[in-house]
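Encoded as structure tokens, the structure appears first; notes follow it.
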Amino acid sequence: MRPRAPACAAAALGLCSLLLLLAPGHACPAGCACTDPHTVDCRDRGLPSVPDPFPLDVRKLLVAGNRIQRIPEDFFIFYGDLVYLDFRNNSLRSLEEGTFSGSAKLVFLDLSYNNLTQLGAGAFRSAGRLVKLSLANNNLVGVHEDAFETLESLQVLELNDNNLRSLSVAALAALPALRSLRLDGNPWLCDCDFAHLFSWIQENASKLPKGLDEIQCSLPMESRRISLRELSEASFSECRFSLSLTDLCIIIFSGVAVSIAAIISSFFLATVVQCLQRCAPNKDAEDEDEDKDD
């Protein structure tokens with residue numbers, strides 16, 4: 001039985017090592033610095049991926065200035081105590097569904113200066129306590145109307161310096177606590193689709209830290225850009241009479257349906273009239289025969 005002793009000792013040592021690895025306060029990843037028991041600083045290290053492992057009780061993580069392309073899907077499941085995440089100036093291209101699962105304590109999230117192009121529905125669904133979200137200086141061209149659902153505590157949203165030409169008002173209406181919104185630095189297109197957003201912006205101008213002057217848009221069929229300060233509701237008056245594709249489809253379908261109903265009704269009426277006309281001569285002939293018999 002003695003030969004088993006080294007094996008048992010090795011197993012015990014491995015178990016102890018694993019427990020130390022998973023224990024709160026575990027040593028920082030190589031190349032990073034722990035400035036306090038709950039802060040990990042991995043800024044400007046040229047890292048190609050999120051280093052691992054961190055102390056499980058880390059609350060503030062700084063990974064700005066690296067080459068990281070994705071946030072692991074299970075990242076917040078292991079580091080659910082994270083409150084502050086600085087992910088600026090990386091190579092992040094997309095946010096996979098479920099990326100923020102387990103991020104219930106996250107309050108500050110900076111994803112600026114990355115390569116994001118789209119925000120899908122529920123991109124931050126589990127991050128319900130977020131207070132500040134920065135998406136500035138990305139390549140965003142589209143934001144789903146449900147991208148910010150459940151962010152009822154969000155007060156600061158930065159969407160400036162992207163490639164947005166339009167934005168659904170529904171996406172902003174989902175943010176009841178919003179106090180500050182950056183929209184400047186985008187190539188907005190002042191067409192009829194922009195009319196609803198323009199109305200929202202006018203009603204919530206106090207939430208724009210740089211005001212209407214810094215937000216510019218291009219007029220349809222024109223190359224020049226103008227400040228929203230120069231526009232008014234009257235600028236979109238023609239849009240009140242314009243029809244969307246859905247409206248046009250409904251009108252066309254209704255017209256076709258009415259036409260078909262009219263054709264069927266006309267055919268039925270013509271058939272009835274023809275039957276009556278055929279029956280009338282027979283009735284007259286019967287009346288003449290009765291007169292002769294008399």
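Any Cβ shown, glycine's included, is placed from N, Cα and C.
Of the listed residues CYS16, CYS42, CYS42 is the one Swiss-Prot pairs with CYS32, by disulfide bond.
Looking at the candidates CYS217, CYS239, CYS249, Swiss-Prot gives CYS239 as the cysteine bonded to CYS192 by a disulfide. The CA atom of CYS192 (disulfide bond) is located 12 Å away from the CA atom of CYS217 (disulfide bond).
Rounded to a whole number, the C-alpha distance linking CYS42 (disulfide bond) with CYS34 (disulfide bond) is 9 angstrom. The secondary structure of CYS34 (disulfide bond), as reduced to three states from DSSP, is extended strand.
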